[in-house]
Structures are given as C-alpha cells and as structure tokens.
Amino acid sequence: MTGTDVRADTAAPTAASPGRGARRRELRILGRRIDLQVLVVTVVVLVVVVFVALLGIVAGSSSLTIPDALRTLLGAGTGAEQLIVFELRLPRVAGALVVGCALGIAGALTQTFARNPLATPDIIGVTSGAAFGAVAVIVFSGGVYAVGAGTLSLGVPLAATLGALITAAIVYGLSWKGGVDSFRLILIGIGATATLMGLIRWFIARAQLVEAATASQWLAGSLSGISWTSVVPVVVVLLIVTPIAMTQTFALEIGRLGDDMSTGLGVALQRHRIIVIACAVVLAAAAVSAAGPIEFIAFVAPQIARRIAGTGRPPLLLSGFMGALVVVGADLIARALLPSPVPVGIITAIVGAPYLIWLLTRRKERETLR
Amino acid sequence: MLGVSATGIAAARPVGAPGKGRYRRSGPVLAFAILGAGVLIAAVVSLMLGSNLIDPVSVVGRLVDPASDAGAIVWGSRVPRTVLGLLVGFCLGIAGAVMQGQTRNPLADPGIFGVSAGASLAVVGGIYVLGTTSVLATLWLALAGAVVASILVFAIAAIGRGIASPVPLAIAGYAVSSLLIAVTSYFVLANETTLAAYRIWVVGALSSRQLAGTEPVVAFAVVGLIFAAANVRSLNSLSLGTELAQGLGESLLRARLVGLAAITLLTASAVAVTGPIGFVGLTAPHIARALVGGDHYRLLPASGLVGAVVLLLCDVVGRMIGGTSEVPSGVVLTVLGGIVFIVIVRRGRMAAL
C-alpha cells in the first residue's frame, strides 16, 4: 500500500472515460465543443430537478396540487396559495436548490483539482471552519432571544463565511511546502477538521442548553429555518462564481494528467489552483452559511454526475444540478415521508455514507478511490 | 515534490519498520527510565496542581493520611483523576500503537476509524432509550458500540479485497463514522435530556470521574492489554508488509482479529471512563517511536507510558488555563493533537491514507 495508489485516482482511465478508446460524440456550439452525452444528461437532470422542486412546493400540510403550484408561481394563485407558495414553501425549496447546487459545484472543483474523490470541502476543512464560526456566534451571543432571530439570519452566516475562508486559508497555507500537494492538503484538512470539531463540542458543552440545542440543530444541516434573506446571498455567489469556475475547465481537464504534464502544457499551476480552491471555498461557505453543513452532497453529487455523464472528471454544471436534486429530494423525504421532521443533513449522511461504503466494496471503484 | 516524493518515501519506509536513526541498540533502557520518570513526575504534578496548590511534601503527607481535611481534596478529587488518567492514557496509547501497526498508517487513531463514534452512538442510545448514565451501563454500551463499529469497518474494508488494505480501511472508517454521527445527532436533537447528558460526556474529561464502579473497566482493559501483548509478534511481521508477513507463516486473519480485539477493548474501556478522547492514540506512538524505535516489543509499552504522560499533562494544563471553569483534557488534546497531526503530515513521512 504505497503512495502510488493514492495517485492513481480519478485521473486513471476508468471504463467510462475516453481512455477506453470509444469516440465520444460532440456538438459545436458557439465555437466550443460540447459533449453530447453530458448535454443530454444535464438537460434530463434539470427537468427532474424542476419536477422534484415542484413536488417540494406541493408537499406539506395544506393540500396543493402541482397545477395549483404552477398557476401560483405564474402569478395567478389565490391569496392563500400565494402566501403558502411564496412565503412558506418556496424559500425552503429554493434554499435546497441553491445550497445543493453550490455544494455540488464546490465538490466537483475540489475533487477534480485534487484528483481524488475524497477531496471535498467537508474534508479539506472548509465546512468545519464554517461550523466553528457559526457555533461560536450561536453560543457566545449570550442567549439573548430578542435579537436571536437577527443573530441567526445575519451573524451566523457572516461568522460561518469568515470561518470557512480563514480555515481554508490556514489549511492551504499549512499545506504549502514549495507548492501545494493535494495529498497533503487533504490530510491537513482532516487534522484541522478534527481539531475544530473538538472545540465545537466544547463550546456546546459550555453553552446554555437552549443554545446548545440551536447549535446542534444547525450542525446537523437543516433547511427548516431558511428564509429569502439567507437564500439570496447564495444565489448571488452562484451567479458570480460559477462562470469564473467554468473558465477553469480547460485547466482542470489538463490538470487531470498530473502536475508535471500540466506544467509542461503551460498551465500556470499554482494560480489555477488558487482560483479553483477559492471558487470552491466561496461556494461551500455560502452554502454552509445558509443551511449548515449538509454532509456528503459535495462528495456524492459530483461522483454521480461523473458516472451518468460517463466523463473522466465530474462536469461542473451537471454536478451542481445533481447536488440540487439530492438536497431537494432529501428535504422532501425529511418533510413528507418521515413521521417527524428530521434535519436534511441527517438524511444525506444516512444516504451518502452507504454510497461511499458501496463504492468501497466494488473492485473497480476501489481502484479509483485508493 | 508533488506526489512522487510522498510516494517514494511511503514505499521505502513502512511505518514502524526500523529506519535510519530510529533503531538504537543502547537506547531502550535509558528511554524506558526516562518514560518511567516522566510518568512519576506527571502523576505528582497532577496531584499537586489545581485550584489549590499543594507542595510535593504535603502531597505525600496527605496521601498517607486520607482522613484529614486536607487529605480529602487529594483523595476525593485528584487521586481518582490521576489514576484514571494514567489508566486511560496507557490504554489509548497502546490502542493507537496497535492500530498504526495493523494499518501501517501513521495517522491511525481510534477516532478516525469509527470506534469512538460507535461507542458514542451506543452511549447516546442508552441515554435516549434507557435514561442511564452510570459508569457500568456506559461501559457496556460503549463496548458494544465499539465492537459493532470496528467489525463494520473491518468487514467493509475486507469485502472483495482482503482485510489487509489500510487505505480502504481508513475510508471505511470515515464513512462509518459519518453515518454513526448522523444517527447520534438524530437522537440528540430528538430529546433535550439526551443532549444535556451527551454534550458533557462527548467532550472527554477526567474531572469529576470517580474510581468507584470502574473495576469492570479495569478488567476489560487488562484483557485488552493481553490481546495487545499477544499481537506484538504479528505487528512486527506486518510491518514488513502483508505478503512478507504471510511468508513468515503469519496467519493474517488471526493477526487482524487479535489486533481488532485489543483495539476495541482498550478503546471502549477508555471511552467508558472519560468519554471519547482523541489524538492520544495518534500522538503517543509517534513520540514512543522516536524514543525506542519501531520494534513493537518496545514500542507498545512505550506508547502506553507516553499516552499516560500526555493525557495527565493535558489534564493538568486544562486545570491551569481554564480559570474558574477548567478546560476538559479532551479539548486540550484536540488542540495539541491537531498540531501534532499537522506536523506529522508536513514532515511527509507517511504511508497512504
């Protein structure tokens, strides 16, 4: 079990990647070549996302039908329907969509960049940094419940974003040893996560019970408290960062060949890495600050996307849509199918962890995970 | 620099294998003398320091006269936590050494491999369902949870590819931990009483733990130590690589099972007493390896002693820096251990995770 195995990761030709020798069909749109299978799959997933999102709007205690929901969304609903859809259901569904999308893209970026499916924002310390900031604010805001709502809607996202950015910078800096090796980045991220989680547990132990409960709820990753004020920043971040990330796809593609090859082909490796990591961190920070650490999305979504698209690396947009689909679906299950509401992060962990385990038990996939 | 170097180093030098400058013939006696002195000093310091400073001479005086008022502080609070700190640190240090030897992964720690998460879930389930927080019930629950989690981790890693691979093992540990933590937080969120008990327990501390009722834990720990001792020979063979170990006539399955039993029993007894304390199992073997080299006959006892010293000193530090409320030793360790972890990673002498 030598380090070589770690290097043999997604970059190695899998059965699905072009290494098999089968030519992939491509379209030319606006001078860019678009892989046909990726395009078709992306459109299909988008349609499914819309459908599940509609189900998410419909599901709940008061009965709406899908036509009702559509009519209301187009502006022709009754007053009550307007209230239910726009004030109650839509923020939550929209929150699930944008948070899942941001996590999916962030995961696709880090996994491709590190050439290792395990390199997700959860593992490189971004999520725990955000959690550290958020829990610190929840616990040390002093249990003032009059301003509690204000703290939760403004202070927590801010602290989470700061915590994520600072932790990412520290982890990146500590991984620097004449350049950043992705293997070292993952390990130092794991160390930072363990330390931060220890401190978080201590904060929770010291807090008043009410705040401890709030913090635990937040830590589980929940969409129940989400409102338009927390959804909008994520949308803004998505709109700004996704195009920047898309400009890096060419370098990402070459990056899969390995560092020496990339440098040889003229990719400014460290600058490219900093851009990619920064995009991933900002996306993950925005998502976590809105809904708490929803686990495994950043791991699972890009991996599913890569498989159904049959590409060597997870396609960015498809990973985002897949993340949205998983979060909306999990939240639907959490709200509609279970007897008592459960934070969505618990559902995604209970689904995501076995998926990782299943990957481990398959020989072919294990080769790519090592 | 990238990848290739980590690869080369990892391939050339498995963890625990004798390497340049780490194998000293004359060293061990001196090293063990230092470790023994270290344990003694740590124990005395732990008895002396606290919110009331007691000088070393009166510590001895109070130890022999437990009936006196002053003796009550020492016997009531400091002796228990010192004794338990030594015991738990010893167990965790050895569990970490066995784990690192078994997986040949220098970052192996009961926390990373899901054992602590399994124990935590069982304890939380116990609080939630039965409302119990007694040491004995906690012990049995922690033991059951640790056994189930470690069997799960090893079983997942074993399917298809043989139990010998440390890398799938580490990932399986991560996956199982995440799953268990998710279920744990479901219990914790469902019930505030559970949260109230769990949040205190999960930090991991030596304070306010009593000696009474811990006898069964000691029994479990002793059985775990026996398993660890029985595993030493296999660990030395395994450090040459699994193929060579099998070539030397080692039964891989038996070696794994004995190691698993040792890790599980030692971790579960430690977790039952103090709650999950991370990083002792990670840190102690590294310090011990620097002192006595990679031979497991010496590495195991040395790791135990280092673990005891580390845990006691962290407990003392926590008592001193906390002001009115002390910082639990689990928290001190989490910070110091995180630094150690990062230093180990940056030195780059490691096998694949």
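Including glycine, each Cβ sits where the backbone N, Cα and C put it.
All annotation found in TrEMBL is predicted automatically rather than curated by experts.
The transmembrane segment feature in TrEMBL is assigned to B:29-49, B:82-99, B:111-131, B:137-159, B:171-189, B:217-236, B:257-279, B:299-318, B:330-348.
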Do we see three or more Cβ pairs under 8 Å linking the transmembrane segment (B:82-99) and the transmembrane segment (B:257-279), pairs being at least 6 apart in sequence?
-> yes
What else in the chain is close to the transmembrane segment (B:137-159), if you only count residues 6 or more beyond its ends and a Cβ gap under 8 Å?
-> 113-123, 125-126, 130, 165, 168-169, 172-173, 175-176, 180, 201, 216-217, 220, 256, 260, 263-265, 267-269, 271-273
Under 8 Å Cβ-Cβ from the transmembrane segment (B:111-131), and at least six residues away from its ends along the same chain, one finds 99, 103, 137-138, 141-150, 152-153, 169-170, 172-174, 176-177, 180-181, 183-184, 187-188, 190-191, 193-194, 197-198, 201-202, 263-264, 267-268, 271-272, 276, 278-279, 281-282
